[in-house]
Amino acid sequence: MKKGINRVVLVGTGAVGCSYAYCMINQAVAEEFVLVDVNEAKAEGEAMDLSHAVPFAPAPTRVWKGSYEDCKDADLVVITAGLPQKPGETRLDLVEKNAKIFKQIVRSIMDSGFDGIFLIATNPVDILTYVTWKESGLPKERVIGSGTTLDSARFRYMLGEYFDIGPHNIHAYIIGEHGDTELPVWSHVSVGIQKLQTLLEKDNTYNQEDLDKIFINVRDAAYHIIERKGATYYGIGMSLLRVTKAILNDENSVLTVSAYLEGQYGQKDVYIGVPAVLNRGGVREILEVELSEDEELKFDHSVQVLKETMAPVL
């Protein structure tokens, strides 16, 4: 790693990976950006195309098609490789197929001498982040999954539409599995500086029934998009960019990534979406917010589902 030069390696140049790559070049987040794919011609073509966008970016980025050897000097390796989710298929259905692929990828990366941070996006992301941690031998703080960052963004966007407030001023989180057992933390939602419950009590224009429908749309958003266009990639591309910036810029920002629990929320030995402080070292700390009794039960269920699904592939 050259002094003052950030290098990010992307493994997987499918729709998600390339959406992330375009975001990275567009915002000039790193000085060096390397694309790695089993289809080397595809990776080379994407690198060429992205390079031609560099003159329009706010700062130059050197982009090239590389190999696992380029991970040796990387600050961050982002993995989006793997089989995509098909219509009607849950994220957990992918576990055995993608776990096998991941073990090979992670071993190849570690053989290069990589000693940076992993950011995982491939589904089922919580389980594959755990697999990456186990295979890599890196500290848990430096293996991170995209978790429920996208779900939380969808949640804020849809709540913003409902309340006619910009999503940046909606403070709301989805936690748990990035999938069917995720849950909204209603007890900590605020619109601007006003708590959600206070707003509901003051204005009967809004009601919990509508809010419950919003969450269902958040939870099932990927299914709706996949039915219509075959895959989701813009939202997750921006989510990965946001996590990348939090890490490389040493922001100490709070994002709901997939992080390793060792007692927080009463759970151990699982990667799952929770609010965490991210900086140059990875996960600085996990923020343990007080959940309602119902939220606790749903979170515990989410953990249990992940552990049961994960057991056969470890």
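Every residue, even glycine, has its Cβ placed from backbone N, Cα and C.
The NAD(+) binding site feature in Swiss-Prot is assigned to Val16, Asp37, Lys42, Tyr68, Gly82, Leu83, Ala121, Thr122, Asn123, Ser146; the stated evidence is sequence analysis. Here Swiss-Prot flags Gln85, Arg91, Asn123, Pro124, Val125, Asp126, Asp151, Ser152, Ala153, Arg154, Thr232 as substrate binding site. Per Swiss-Prot, the feature beta-D-fructose 1,6-bisphosphate binding site maps to Arg156, His171; the stated evidence is sequence analysis. Sequence annotations record features per position, and here Swiss-Prot assigns active site, proton acceptor to His178. Residues or ranges marked as phosphotyrosine in Swiss-Prot: Tyr223.
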Handout entry: Least Cβ-crowded entry, counting other Cβ within 10 Å, from the binding-site residues listed as Val16, Ala121, Val125, Ala153
Key = Ala153
Exercise for the section: Mind checking which of Lys42, Arg156, His178 has the fewest other CB atoms within 10 A of its CB? They're the recorded positions. Expected result: Lys42
Handout entry: Gln85 (substrate binding site) - helix vs strand vs coil (DSSP)
Key = coil
Exercise for the section: Looking only at C-alpha atoms, tell me how far Thr232 (substrate binding site) is from Gly82 (NAD(+) binding site), rounded to the nearest Å. Expected result: 14
Handout entry: Euclidean distance between Cα atoms of Gln85 (substrate binding site) and Tyr223 (phosphotyrosine), Å
Key = 9
Completion exercise
Looking only at the recorded positions Val16, Lys42, Arg156, His178, Val125 (substrate binding site) has its closest CA neighbour at His178
Completion exercise
For Gly82 (NAD(+) binding site), the nonlocal same-chain Cβ neighbours (under 8 Å, six or more residues apart) come out as Gly12, Leu94, Lys97, Asn98, Ile101, Phe102, Thr122, Asn123, Leu128
Handout entry: Site with most surrounding Cβ atoms, counting all protein chains shown within 10 Å, from the binding-site residues Gln85, Asn123, Thr232
Key = Asn123
Fill in the blank from the handout: Here the 10 Å Cβ neighbour count for the residue listed as 'phosphotyrosine' comes out at 16
Fill in the blank from the handout: Per DSSP (three-state), Lys42 (NAD(+) binding site) is helix
Exercise for the section: Given the recorded positions Val16, Lys42, Gln85, His178, state which is nearest to Arg156 (beta-D-fructose 1,6-bisphosphate binding site) when distance is taken between Cα atoms. Expected result: His178
